[in-house]
Amino acid sequence: MELNGVRVSRETQGRLQHFAELFQKWAKTINLVAPSTVDDLWRRHIADSAQIFQLHPKPARWVDLGSGGGFPGIITAILLAEQKDGHVDLVESNQKKAAFLRVCLRECEARGAVHAVRIEEAPKIVADCDVISARALAELDMLLDYAAPWVERNENLRLLLHKGRDYEREVHKARGRWEFDLVKHNSVVESDSVILELTRPRRRI
């Protein structure tokens, strides 16, 4: 099986398929994503989320903010399962969604933990991380504010963030309070979407 042109193992394919089955089951009772996108689950959500890991396919400690229906956090955890190291901390304050995420981690044999707390509380629980991801959560300046406690602890922190067609406005706004190095990756799934890769984030003085 190939995912965005990258071959994945039979074991990973099985885990992704099982996740898709769990998602379809839970989505009948919990609003995990926009209902209009459920029928396009593999392309719109699974393949789209996989791009994040494929940009940084190394063992790392990930924090996924506002994990919701598992995108990209659960997909990252499943793709990490083939490696010896690496872990995903998924932050989701909604208790029902957090329960869904825990079931997915357990049944898909993916390395991770779910923290059913507000994002502002997460740095007290998860001390360190190498990469922060988020998808359809908040504007860039707010995401940087959320990431600030981890930025202070790790100057090499990397952020990988899904953004839509309005990303340039968000970048301009965020640069009013933050400095950062930026690489824009065009989405291979959605023509009007990008993934922003931020490194060396620091507050403006």
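Backbone N, Cα and C define each Cβ position, glycine as well.
Listed in Swiss-Prot for this protein:
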BINDING   Gly66, Phe71, Ile119, Glu120, Arg135  S-adenosyl-L-methionine binding site
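In the three-state DSSP classification, Glu120 (S-adenosyl-L-methionine binding site) falls within a helix. Comparing the binding-site residues Phe71, Glu120 on other C-beta atoms within 10 angstroms of each C-beta gives the minimum for Glu120. The S-adenosyl-L-methionine-binding residues named in the record, Gly66, Phe71, Ile119, Glu120, Arg135, extend over a maximum Cα to Cα distance of 20 Å. Comparing local CB density within 10 A for the binding-site residues Gly66, Ile119, Arg135, the maximum falls on Arg135.
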